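Features as listed in TrEMBL:
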DOMAIN    21-303  domain 'Sugar phosphate transporter'
TRANSMEM  12-35  transmembrane segment
TRANSMEM  47-67  transmembrane segment
TRANSMEM  79-99  transmembrane segment
TRANSMEM  105-130  transmembrane segment
TRANSMEM  139-156  transmembrane segment
TRANSMEM  162-186  transmembrane segment
TRANSMEM  198-217  transmembrane segment
TRANSMEM  232-253  transmembrane segment
TRANSMEM  265-283  transmembrane segment
TRANSMEM  289-305  transmembrane segment
């Protein structure tokens, strides 16, 4: 009888932990996005490169301290791997964050989340070009559904700003190439890195790539801006949330599953659309919701297909483990761990 009671208690505890990790990631992800939107559009600090530099510097310093103080062990990276893998990935990550944050100056959070639903489609296209994804008519039709839904949602957007859309599309494109390069450059070398180790290696070079445009593009504007308002506690809170978000990604993927991550991503997207409407008064039309709903169906099917593919790969690895290459899987939609 005692064993029968222990099993439900153990299952209940596991469910509480799983949902705890999921809601932690959803909360932190939503917090980073909503704070970034407020900082850039409403607080008198319309400088996305400066904001992103702050995040990367904060993450680099904190990761450095965690590694040097012995709390986390960093993966050793050779000079060749750093130049051929880490630098290009860091450059693309810098581009993703810069362009993505800049889009908040022109577009609502709700519309940006709708545009982000195109990530699987762009990842698929980039993967086919780099031969990491296999082209099939079934997958192509699925991506066509996603693209059609995004086009309808864009058509229904009241405050459609071309510059903002170009910036967000650029962010999605750089993130898609980054994820593909992670698969090509790091996974094939059998390199596995936790979030602290990843930030330890990537955040410094990402900061350097962002610091150059900050010096030549934004700093002169900031010096000449009479309305500039630097809210240091708010900037630090934003940076702390960004760092915590990277940690929560590790917990969610490492302690739950890819399916949980994908479900959490869907919940987060709908939550951000709702928060954008409630907190910032962003208008959302029925046409947009219909288009996003169509893209949502396509994305959910994509996630389902990917999870099934992972299950088949895992089953094959168990049957013939000696024939399977060492692979470090990176799971996520919009650059999880990114902002």
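Note: Cβ is positioned from N, Cα and C throughout, glycine not excepted.
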The domain 'Sugar phosphate transporter' (21-303) [mean pLDDT, rounded to integer]:
87
Do the transmembrane segment (198-217) and the transmembrane segment (47-67) come close, with at least three CB pairs under 8 A (pairs 6 or more apart in sequence)?
yes
Mind pulling out the one from 12-35, 79-99, 139-156, 162-186, 232-253 with the most Cβ pairs under 8 angstroms to the transmembrane segment (47-67)?
232-253
Quick one: do the transmembrane segment (79-99) and the transmembrane segment (162-186) reach 3+ CB pairs under 8 Å, ignoring pairs fewer than 6 apart in sequence?
yes
Okay, the transmembrane segment (162-186) and the transmembrane segment (265-283): do they have at least three CB pairs under 8 Å, pairs separated by 6 or more?
no
Contacting positions for the transmembrane segment (162-186) when only residues 6+ beyond its ends and CB under 8 Å are counted:
84-85, 88-89, 92-93, 95-100, 102-103, 105-107, 112, 115-116, 118-119, 122-123, 125-127, 130, 132, 154, 193, 328, 330, 332, 334-335, 338
So which of 12-35, 232-253, 289-305 is most in touch with the transmembrane segment (139-156), counting Cβ pairs under 8 Å?
289-305
